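What follows is a short report on a single structure.
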Ligand SMILES: Nc1nc2c(c(=O)[nH]1)N[C@@H](CNc1ccc(C(=O)N[C@@H](CCC(=O)N[C@@H](CCC(=O)N[C@@H](CCC(=O)O)C(=O)O)C(=O)O)C(=O)O)cc1)CN2
Ligand code: MET
Ligand SMILES: [Zn+2]
């Protein structure tokens, strides 16, 4: 039976990287001058056309255009609007691809735009730089060319852009300027874009406003109505898309906006639907995000249909079906996974398979007979729930019988600190690195050969041992105090552990874009987690055998493993995290038993896991902090636990970081000029700290003076007895020459700082200086010249 008002289907966006990472490889070749711009452009067009064709084959009512970006969609929007940082002196209207990449990656004169995490995802966007002087006079026409191309392919087009308020929110304003003051200028440009879309016959524009899922300041909430009044009625209708959490508190605001419709994330926040259906105006679209755009599980189609049956009746043709958010966060095609076993595979859906799910849902809602498919789906959902592979009674039993104090070290920090001092006899301002050393193409080629069966396990082990020996020898030669083995044997700090833990599956090609051409392949956490055998002990003890200096064991923490995996959706994340924590605890204890005296448990994703709404932070911080302590607390007082965090601001969660009670935390600070540390100082962070003294994100080698200046700044807030010297993060994306040069400078800076401290001098830095010109001056008790 067909009705005149049939439900429609669409997606918010599709991954652009390509099922075989075609875009990644083309970009990297272009950057190495191995292919021409025309060849790169062709790869982009082929990918876009392929992804539109898939959307069309799935009977979607429109293909989405505007989700493609050569590096990042926020940077591409800045290039479209024409608001590029003045410091590059680029003409946005004539921006070449090389200039676009200079903005993304820096050039000889200018550092790149800052990169940061997109909401609570592992995707990184480039932060637009705005000031009171910013103009939005228009820029590249790529967006319109893509639209024309989709039209020539015969597709009905829905254009997609970040919404103006979300774009502004994600940008940073120089000098504390109120970004909202730029809104009128920005909206004039959005208006011009909409008029142009309209002239091209584009009937529908999706504007993404995920900031509505945050607890927004009132001023920003109040900006929505006037903004959308301005953009409405220009010929092209607007679908305002929200996602990543509930926007229930804005239901009335959204119902009143002069837009054609609103999209809701019903996977993260299913309960919000009722608040919307209760007040939803007739003739306004509700796009229901019912398929998980952030995870790889096949949908329970019958459950989805049951949940939307009522609203579907009420909405009629104003019901649209969609994934919860853009599929950017999903791998592309499950069919490529030839090594996953059939049962597990039947539980999964990647981006392409989610298009097929959408097709079935739309058919079902519109009265077509899909009973066979729904029955099959019900069968596999039931099989997954009942599977013995996901339930391990031993894990449940262990969790139910944890000893008292299992999440506390045996003694308070002060006692541990003196036990550790007696054991390690480290000099003041001990030097170390964060774990990884350059992942050279030689290392990756050896691993690829091993995985393809062209290199034997024994030969692969020898090759990795040789890399470890090289890293140890270089660190020894540099004179670093606490060494690392360098992580040569790891493809990725999360995937590596996923490959070895029970309860995880891993894939061949399930890549997800992390930033630019860089991808990650998150492992799939499908069942109860446990550790069948030691994972890192052999590598760490081998590395320790090569040196008399302490060798830090190197593990990824439970919160980061959780955060950077595709996680089961059939139990609370807190419980899953606790299971991982116990597995890591076992590894920590095995390392200790093998004589490894310092163990680092990385938690770079600790902050990323925070709920988007601040009111929900406390409960997350409680279970996440406890999971870390569970992993770290099974060792004696003389075993030194390190942790490491990067990428983020930590000022607002310092008490919770302190409560993790690591003996040493190394943390990214150099890019914020140690500003982060001021908060650590004023909070009186109790344990030892290694604030990064140089940025590892660029090949530029920081000078001794720059580092000395940061050390002096750190010493203002952290006493020398508790200060470590290290880079900001791991060195895996760097090459050896710049790595050795930078570390050598770091050690020279440390020597000078130590000499000053030994002579009873106070290191002083020149606050007005931003870089190499730092100088010292101190009138009273001797002067240590910094520089
Ligand atoms: N999971 C996770 N999330 C994270 C981070 C992280 O480290 N891990 N860091 C931040 C993001 N930073 C990142 C930094 C670098 C890369 C990165 O370099 N990714 C590599 C892939 C790393 C990897 O898994 N490598 C594998 C496989 C690499 C590969 O493509 N192999 C080729 C052969 C390569 C060769 O011969 O050289 C093949 O199989 O065809 C390995 O080493 O084994 C890439 O995109 O290229 C990703 C994220 C935040 N989120
Ligand atoms: C993203 S944090 C990275 C920590 C890891 N130990 C490394 O050095 O690469
Ligand atoms: Zn890091």
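Quick reminder: no glycine exception, Cβ is built from N, Cα and C everywhere.
Please treat TrEMBL annotations as automatic predictions, because they have not gone through curation.
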Further binder of 5-methyltetrahydropteroyltri-L-glutamate named by TrEMBL next to 21, 22, 23, 24, 117, 122, 518, 519, 608, taken from the candidates 62, 169, 220, 564:
564
Say TrEMBL lists 434, 435, 436, 487 as binding L-methionine: which of 300, 590, 602 is in the same site, per that record?
602
From the recorded positions listed here (21, 436, 518, 697), select those whose CB sits under 6 A from an atom of ligand 2.
436
Identify all same-chain residues not among 644, 646, 668, 729 whose C-beta atom falls within 8 angstroms of the centroid of the Zn(2+) site's C-beta atoms; report them in sequence order.
434, 604, 645, 647, 666, 667, 692, 728, 730
In which DSSP state, out of helix, strand and coil, do we find residue 602 (L-methionine binding site)?
strand
Most Cβ neighbours inside 10 Å, all chains, among the recorded positions 21, 518, 644, 697:
644
DSSP three-state assignment for residue 435 (L-methionine binding site):
coil
Please report the Cα separation of residue 564 (5-methyltetrahydropteroyltri-L-glutamate binding site) and residue 602 (L-methionine binding site) in Å, rounded to an integer.
12
Which whole-number value in Å describes the distance between the Cα atoms of residue 646 (Zn(2+) binding site) and residue 434 (L-methionine binding site)?
10
Could you check which of the binding-site residues (21, 117, 518, 668) sits closest to residue 435 (L-methionine binding site), going Cα to Cα?
668
